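OK, Swiss-Prot features for this one:
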type	residues	note
ACT_SITE	Glu104	active site, proton acceptor
BINDING	Thr26, Gly27, Ser28, Thr29, Asp82, Gly83, Ala84, Asp85, Lys95, Gly96, Gly97, Gly98, Lys122	substrate binding site
Amino acid sequence: MEALKKIAGVTAAQYVTDGMTIGLGTGSTAYYFVEEIGRRVKQEGLQVVGVTTSSVTSKQAEVLGIPLKSIDDIDSIDLTVDGADEVDKNFNGIKGGGAALLMEKIVATPTKEYIWVVDASKMVEHLGAFKLPVEVVQYGADRLFRVFEKAGYKPSFRMKGDSRLVTDMQNYIIDLDLGCIKDPVAFGHLLDGTVGVVEHGLFNGMVDKVIVASKDGVTVLEAPTAG
């Protein structure tokens with residue numbers, strides 16, 4: 001599995017050229033993309049500027065010597081490469097297994113070309129087997145948890161040890177065990193309109209390419225109506 005993730009990440013790095021501002025994703029597959037960019041910066045003199053999606057990726061990029069800028073200091077990003085936890089046939093996806101969904105979506109929004117790197121196990125018929133992360137403000141989080149519980153969403157707080165996990169943005173994550181999300185777009189709109197929800201892990205209609213690594217090789221899928 002790790003070998004497939006590495007292949008996908010390295011393949012995505014081939015889309016990066018000199019002078020680009022690039023979004024650096026978070027997670028086990030995006031990790032290999034960032035590593036490959038770091039190698040090219042060091043060995044090939046690749047000239048890029050990175051915008052990171054988490055404190056973890058920031059630390060990784062700094063160690064590798066990749067120059068970084070804040071999202072507030074750029075107007076657009078040429079290319080962002082990130083992982084995904086599930087991708088359906090309509091190129092909607094669930095992200096946030098690494099608890100970085102808010103920053104990931106902020107970086108994805110001004111991106112000209114958005115690529116996901118996954119292994120074949122992440123490609124699914126319907127989203128929802130992977131729990132949907134919902135980032136919520138700490139104030140009123142328990143009330144919101146009960147709202148989700150009453151709606152039948154089978155919520156659970158994301159934990160770190162014995163305590164609730166706190167994101168880089170100082171929020172909590174409530175994971176929803178939905179089983180199958182029949183209409184991801186409609187459910188995303190429902191969550192968008194829920195007071196106390198900062199962001200959710202449904203990335204609908206955002207991705208341009210999905211690089212899928214399997215035992216048979218690498219496939220690049222093009223989203224027909226991205227953006």
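Cβ atoms here come from the backbone N, Cα and C positions, even for glycine.
Remember, it's a predicted structure, so these values are computed and weren't measured experimentally.
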Using the alpha carbons only, what distance in Å do you get between Ser28 (substrate binding site) and the residue listed as 'active site, proton acceptor' once rounded?
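Counting only the Cα atoms, the answer is 14 Å.
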Given the substrate binding site residues Thr26, Gly27, Ser28, Thr29, Asp82, Gly83, Ala84, Asp85, Lys95, Gly96, Gly97, Gly98, Lys122 in the record, what is the largest Cα to Cα distance, rounded to whole Å?
16
Long-range same-chain neighbours of Asp82 (substrate binding site), Cβ under 8 Å, sequence gap at least 6?
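Listed in sequence order: Gly23, Gly25, Thr26, Gly27, Ala30, Thr53, Lys95, Glu104, Ala108, Tyr114, Ile115, Trp116, Val117.
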If one looks at the chain holding Lys122 (substrate binding site), which residues at least 6 apart in sequence have a CB under 8 angstroms from its CB?
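In sequence order, Ala84, Asp85, Glu86, Val87, Val212 meet the Cβ cut-off.
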If you take the centroid of the Cβ atoms of Thr26, Gly27, Ser28, Thr29, Asp82, Gly83, Ala84, Asp85, Lys95, Gly96, Gly97, Gly98, Lys122, the listed substrate site, which other residues of that chain have their Cβ within 8 Å of it?
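Near the substrate site, beyond Thr26, Gly27, Ser28, Thr29, Asp82, Gly83, Ala84, Asp85, Lys95, Gly96, Gly97, Gly98, Lys122, sit Gly25, Ala30.
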Per 10 Å Cβ neighbour count, which of the binding-site residues Ser28, Lys95, Gly97 ranks highest?
Lys95
